[in-house]
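As recorded in TrEMBL:
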TRANSMEM  21-40  transmembrane segment
TRANSMEM  175-196  transmembrane segment
TRANSMEM  208-230  transmembrane segment
TRANSMEM  296-315  transmembrane segment
TRANSMEM  322-340  transmembrane segment
TRANSMEM  346-368  transmembrane segment
TRANSMEM  430-449  transmembrane segment
TRANSMEM  493-512  transmembrane segment
TRANSMEM  524-544  transmembrane segment
TRANSMEM  569-589  transmembrane segment
TRANSMEM  596-616  transmembrane segment
Amino acid sequence: MKEMSNYAKIRSLHLFSRKKFRILIVIEAVLVMLGIWGLFGKDAVYEYGLDAASCNFGTYSQELGGIAVYGTEEERGNLVDFTGLVLPRGTYRVQLQYATDSDMENSCEVTDLRLSDQTLKTNGTLLFSGLDHTDFDMWLLRDSTDLTVHVYYSGSGMLAVRGLRILQTNDWNRIQLFVMLCLISIVNIVYCYVQYDREYRIPVKNKTVTFCLGLIILFASLPLTLNYMMGGGDLGYHLMRVEGIKDGILNGQFPIRISPEWQQGYGYASPVFYGETVLYLAALFRLIGFTVTTSYRLFMLAVTIATVLIAYFCFKKIFQEAYVGVFCSMLYTLSVYRTYKTYCTGSWGECLGVMILPLILYGFYRVFTQDIREKSYKRSWVPLTAGFSLLVQSHLLTGEMVGLFTIILCIVMWKRVFRFQTFLVLAKTVIYSVLISAWFLVPFADYMLTGDFTIHHVSGRTIQDRGLFPAQLLFTYFIQGNDSEPVYNSASIGPGTAPVLALAGLAYLFFTGKIKKFTREENGFAKILAGFSLAAMLMSLNLFPWDRIQSWGDGAATLISSIQFPNRFLTIANVCLTGAAGILAKYVLEYGTRTVARCYFCGMTFLLCISGVYLLENLMDTFEPVRVYNNEGMGTGYISGAEYLPYGVDASKFMYHDPVCSGELKAEDYEKLSLGARVRLTNPGEVWERVSFALLYYKGYRAFDENSGQELSCHAGENGEVTVEIPPGFDGALTVRFVSPWYWRAGEAVTVLSLGIMILQRFLRKGLWQGKSTSGNGKEILGGETLGEAG
């Protein structure tokens, strides 16, 4: 008799026939309806004229229509204070009407001396000559009766303050509704779990595994329990990427190709070159209404949970033991390298790579060890395809390194690669990964092949001198440091003591011949993990001849230069070392005494605590807090290495400005749009003229005459600005906008259709909507040619 699946068991509980559960559902439905009702009516507008302002210096200007000051060095500080503002708890947008002739010199901020930073959350904003009002968010978590809006004058240039508007939004109510839905989901899951346990008695082992995984998530997320961020080197850039997704969606762009507000509204094509699939979750939190800091904490919590669960699932499947899966998940998630990349440097790409790599390891394990005669072998492409697709869409540099090791693995396993069934699975992996990633790969390939960007000109950047010293691979106590010195007070880069000791233990088994107690499959798997771990760690060192390899040719120079930091190879070493620790764990469980097993697990946990967990505590103790609430708190100009700028463009010159016309061309009624502009132009002359906009030109920008629909020539002008050629006698409205090429849309359609077909086939195969159950203990039979034979 087939054993019931978990899904069938849950259905058999008949929860909706239970009175208590029905009452609970009714209460939850009422709460949700009240939450939805609260979304409406939050549209109050509070307007304050100059009569509500306290002028500290300056005079009223009839011409500028406000309190103005003109380049007076002796007078600097708060030009105008709007004091005594009374606002109820909620979320708001602050719009200060102003005029200025300088950029990023003057500023506007909001304070309330009676409220703490935790009840009034806003960063204020800088003022720009190309704008006439601010529009920044403010989270007021308590009623305020003494709110003050300050306008700061730097002492240079002209500044005029014309008035103030504060607009209420329903962000706070959306946050409350989201939190309510999360709590309802948790309550329902707990209720279901309790009823399931009463009916079917969940084994103690399963409960122990769940409890341990929860502890791992808790310790790995300790820095996220703080009310601020730890500002790593790349953190600002990745937060800007999230803001770009949010801004793009709010302005009707999907998927996001050009982040519209980046670089003072000029836009930046980071999404085309740097996959952002997973980052849409972080953008969702921002769209709900959370602050930048809270969205960061929620997103990184989700990434941490996913890392723990993916690692547990994959290593459990590999070693066929839940406790080993938990052990490997702990080593992997709390590793020094992951902590360093997640919190010290804020390298989200590599952090996501760490999350994904266990899927690829598990996928290759299945492909090269599972019996090809098993029916499930045909589906062994699934974890590989999921891993490679996510990796390509998250961090191409990690994908580049994984691709190198994949080639090496296929060379080592060449006999098995060319088995028909295995070759078919690998071919499916490549084809399906490309199809699923087509929406990202098509625009990426288009810009890389047809454009000229800074990233095409970085082949001269060498990386060998950025490699690690061998001593750093053997560090025990890691602390926050910097990269200015090789080892002294160095950044916490290294695999950590526990994984390296596991590799040493595995080497001992090989040296003494005890590894022969394993099957030839397991023996071969151990050899590959040990070899790849050593190779990856060697490639992370400054002893590895990267400079010599880079001199082999332009292709090698470009690929190696793009790696930037050899320590990134520790991403590969980290997952392989964890696998080595898992093999050692399986050995002591199967062939060691209970005392040896306890010593191994306790010892590795202790070593992990004095390296990984100690580093977490040190970071929380020493990192300077960073609190960013709105995107104005970050600015929009930071673009890291500027790799995705058109080559030769100077980003420091990007500022908001009106259209710049040549000759006799005149512009009026200008409106800046998201990735576009609308303006009325008049060309009374007999020659062609041109107009330039505060937009960075990328392939896809087009210009149209609104009256006739005729398309005008649009190209990159001075410093890469979008420039349109205007014919003689033109008199009408011109619209400029970014339009994705048709073949980009075709790539998106391919991705959607591919995913849809795969999901549909899965449902049809399993018959899930008929409630069919599956059976089996999940173990895979190892057969066919062995890893030992192939190696």
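Just so it is clear, glycine is given a Cβ too, placed from its N, Cα and C backbone atoms.
Taking residue pairs at least 6 apart in sequence, the transmembrane segment (296-315) and the transmembrane segment (493-512) share fewer than three C-beta contacts under 8 angstroms. Same-chain residues lying 6 or more positions outside the transmembrane segment (296-315) and placing a CB less than 8 Å from one of its CB atoms are 209, 213, 216-217, 220-221, 224, 229, 239, 242, 278-279, 281-282, 285, 290, 324-326, 328-329, 332-333, 338, 342, 351-352, 354-356, 358-359, 361-362, 383, 578-579, 582. Long-range contacts of the transmembrane segment (430-449) within its own chain (CB-CB distance under 8 A, at least 6 residues past either end) are made by residues 255, 257, 269, 272-273, 275, 277, 381, 384-385, 388-389, 392-393, 456, 698-699, 740-741, 743-744, 746-748, 750-752, 754-755, 758. Ranked by number of Cβ pairs under 8 Å to the transmembrane segment (569-589), the listed stretches 175-196, 208-230, 322-340, 524-544, 596-616 are led by 524-544. Remote same-chain residues near the transmembrane segment (322-340) are listed as 205-206, 209, 212-213, 216-217, 219-220, 304, 307-309, 311-316, 351, 354, 358, 478, 491-496, 498-499, 502, 570-571, 573-575, 578-579, 581-582, 585-586, 589, 601, 604-605, 608, 611-613, 615-616, 619 (criterion: CB distance under 8 Å, separation of at least six residues from the stretch ends). Long-range contacts of the transmembrane segment (208-230) within the same chain, counting only residues at least 6 positions beyond its ends with a Cβ under 8 Å from a Cβ of the stretch, are 118, 293, 296-297, 300-301, 304-305, 307-309, 312, 322-323, 325-326, 329-330, 333-334, 343-344, 346, 613, 616-617, 619-620, 623, 625-628.
Within the chain carrying the transmembrane segment (524-544), a Cβ under 8 angstroms from the stretch's Cβ atoms is held by residues 365, 369, 405, 408-409, 412, 464-470, 473, 495, 503, 506-507, 509-510, 515, 518, 566-573, 576-577, 579-580, 583, 786-791, all 6 or more beyond its ends.
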